[in-house]
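Record features, source Swiss-Prot:
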- 22-163: domain 'SprT-like' (DOMAIN)
- His78, His82: Zn(2+) binding site (BINDING)
- Glu79: active site (ACT_SITE)
Amino acid sequence: MKTPRLPIAIQQAVMRRLRENLAQANLKLDRHYPEPKLVYTQRGTSAGTAWLESYEIRLNPVLLLENIDTFIAEVVPHELTHLLVWKHFGRKAPHGKEWKWMMESVLGVPARRTHQFALQSVRRNTFPYHCQCQQHQLTVRRHNRVVRGEAVYRCVHCGEPLVAG
């Protein structure tokens, strides 16, 4: 899938949110953390990722276009918080108590670990598997692990191993 071009107004709204959250954090923490690099290269089902060493936030342009308001309100501060925690506390658990505190107490945003966006447009091919009670769809990665004998996946309901087909 080709990466969509983001309208400049959306990019500006993302940058505005990033700068507002960063200014708020700098004020509350009495620090002067720099503005991270922001790129729109995240692919797959992740809404975004924070790259600590390069001090960079990568956002998924497809999910952003499909969920503009919620994405800007939740994903941008979520990823910024990872960078702020790293700068403020050093390397910590990705969604640990420091991250939760930074999200809720410093930025005033609910600390959610995962997004709830529809993923049909970004999901890759899946492979049908079944157990005794239902049909399942495994990702390419999981399917390949089964084929190579590296993994056996089980149904969370009946506990039976999943079988291709």
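Heads up, the Cβ atoms here are built off N, Cα and C, so glycines get one too.
In the domain 'SprT-like' (22-163), helix, strand and coil residues by DSSP number 54 helix, 24 strand, 64 coil. By neighbour count, meaning other C-beta atoms within 10 Å, the densest spot among the binding-site residues His78, His82 is His78. Contacts of Glu79 (active site) defined by a Cβ separation under 8 A and a same-chain sequence distance of 6+ are given as Gly48, Thr49, Ala50, Ile57, Leu59, in order along the sequence.
Residues belonging to the domain 'SprT-like' (22-163) score a mean pLDDT of 92 in the model.
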